[in-house]
Amino acid sequence: MGNVLKSLITFDTSKVDPMKGVRQGLLLIFPALLGYFLGNFALGLFVSTGTLAHIYVFKSSPRSMIRTVILCSLSFAVCMILGTLTVTEPILYGVTLLLVTVIPYYIFSALKIAGPSSTFFLVTFCLPSNLPIAPNEALYRGLAILVGGAIATLVVILTILFQKQKIENRAINLDFNMIKELMHNYNDVDKFKESAKTAVTQFKNSDELLITATAGVNQKLSPRFQRLLLLHTSAQGLYSELLELHEKGIRPIPDELVEMMDVAIRNAYRTTASREKWTKEVHVDEAFDDLLQYILKIDEITNLDSSQIEHEASVRKPLYSQRIIHNLTLDSIVFRNTLIYAVIMAVAIFISLAFNIQKSYWIPLTAHTVLLGMTTRRMLDRSVARGLGTILGTLVLSAILYFNPHLIIAVIIMGIAAMVTETFVGSNYAFAVIFITIQVILLNGLASDNLSISIAYTRIFDVLIGIVIAVIGILLINRQTASAMLPRTIAEVVRKEAVIFQYLFSENHYQDDLRERDESLALSVKMSNMTQINNSASGELFSNQEVIRYYYPSIFALEEINFMLMRAMQDHQRQRISDQQMGEYLVSFENLAKHFELQSRLEINELSDLPQYNYIKSALMRLQNNCVHTRKDIDDVENGVAIKA
């Protein structure tokens, strides 16, 4: 009980977003009030519902933000039309509701889009169940939703125009802050290793953001964006060079280089007139010459005028459709989770409709909210948070409705609830659920023109049913799915990295841009799948968590190898290796894959140095050592469990 109460009062202040909360609150209030004063409250409420598309917009590239709000607006309009047309046919209504929830859930999961998944798709689809039955108004209602979506889009555009720093610039700033930290900690081996643990993730996040920012851009990229891409690539190159120096044990790094890097980073954030001039002579050993060249390159890119940036920076396009297709396999945790989600949601929808429960949408809505965790631990946390938050929310709303508030007051309360929800939902879910409950109940109460106290307290029973369905479903179907998949998934990543390694470093000098794009995408999907499966396995209630934790060092080593392979893919002048050395590395890759796949013993294979990107060798050796110790520790743990049993 103490943990439950703690969850209500513990906030992650870094995820509090008051500005988004204020925007969403005003977006809900003004259209509804305008409709009321113009004598058409229903129309105003439809427009307010359309503005819920704003909820799905998070800090990202401007193109990504605008694309998200437009697509959500269109989807909400379709949901409203379908809900209006099918509400009188229970079977068709239930099947359509299942599709409306499952399809967005899969797409959001496959593309790793943050947010409430299909929550408000479900809310919009089910809203007509509280409205007068009028199939002939389906298009009218859908158009009203689109108007709300257009208002939300306008707000997003204004937010982008008035933001102090573009998100792409912020990503590059984080890249260079990471480089600064690595440079300053380089001479201390332990501190450098600690800093390097988060570097790959930081560069991967920046990479994803810059890629999504180019979606739908067919013309030449702007000089500003090209400069950012070049700076990002140079930061990755500098990190790669630091790893190579670290692997060779070359220390200490000259103080002049650290100071020079600091100046280059400061200049990157300043206008031309205020940039510092580097006047000192720098003399470094030959071993640090490549590092010096990277620093000079960063300084050169920073000082170039826009008209001088002639290099058309290359960046991979975000192949969204390919990611969705690649995940349509039982080997994908996204697809498996979607199947489990579909089964449990189907049961929730069937029970709510078969027993003719009043406000039947509340049961699948609750089940959906709980299922967003999709691991037994997170799901149980969400079920407790959902149950407690709903009870508190309904009690608060019941107290408010007891005084029969005027419709205008109810609209304002709904907007305030939306404001608090969006401000704190990322910071404290249990706390936000209180206000999500108030917001959704009021939205449906206003739609049905029923603001009696009964619309609040009766929802507690529906929520409890939804929680029970979701919890039982997860416990029966998803007990140890991820932990069973993890070893085989790691083996697939190892084999894919072996394929790319052979392609990149073979003496045959392969060069095929289409092949490189497809291979990098396939590896990216497998890496993402591996990470998600590991996270899911860590949250399973019945898995041996000691065993799961032993896989983390291997996963981290594979992420480092992936980073180096992608760096090598961009280097068309990379050095190749002999067939004999290639065989040595490919055998090691396959031995590792077999180790994970068959849970077999592994003999460490000593690898010879690579002429370039030798950090790959270091990561592979660490991976082998991790596997030997992991297997031994797993055996000890499992034997200990067997003895106790």
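Including glycine, each Cβ sits where the backbone N, Cα and C put it.
Residues or ranges marked as transmembrane segment by TrEMBL: 28-53, 65-85, 91-108, 139-162, 333-355, 392-417, 429-447, 459-477. Annotation comment: TrEMBL describes 347-472 as domain 'Integral membrane bound transporter'.
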*Residues sitting near the transmembrane segment (333-355): Cβ under 8 Å, six or more positions beyond its termini, same chain?*
90, 93-94, 97-98, 101-102, 105-106, 109-110, 327, 361-364, 366-368, 371, 374, 462, 465-466, 469-470, 473-474, 477-478, 481-482, 485, 489, 529, 532-533, 536
*So which residues does the transmembrane segment (459-477) touch in its own chain, when a touch means Cβ under 8 Å and the partner is 6 or more beyond its ends?*
340, 343-344, 347-348, 351-352, 357, 359, 362-367, 369-371, 374, 376, 379-380, 383, 386-387, 390-391, 394, 437, 441, 541
_Long-range Cβ neighbours of the transmembrane segment (28-53) (under 8 Å; 6 or more residues past either end)_ = 69, 72-73, 76-77, 80, 120, 123-124, 127, 131, 141, 144-153, 155, 407-408, 411-412, 414-415, 418, 439, 443, 446-447
_Please tell me whether the transmembrane segment (392-417) and the transmembrane segment (429-447) touch - that is, whether there are at least 3 C-beta pairs under 8 Å between them, with each pair 6 or more apart in sequence._
yes
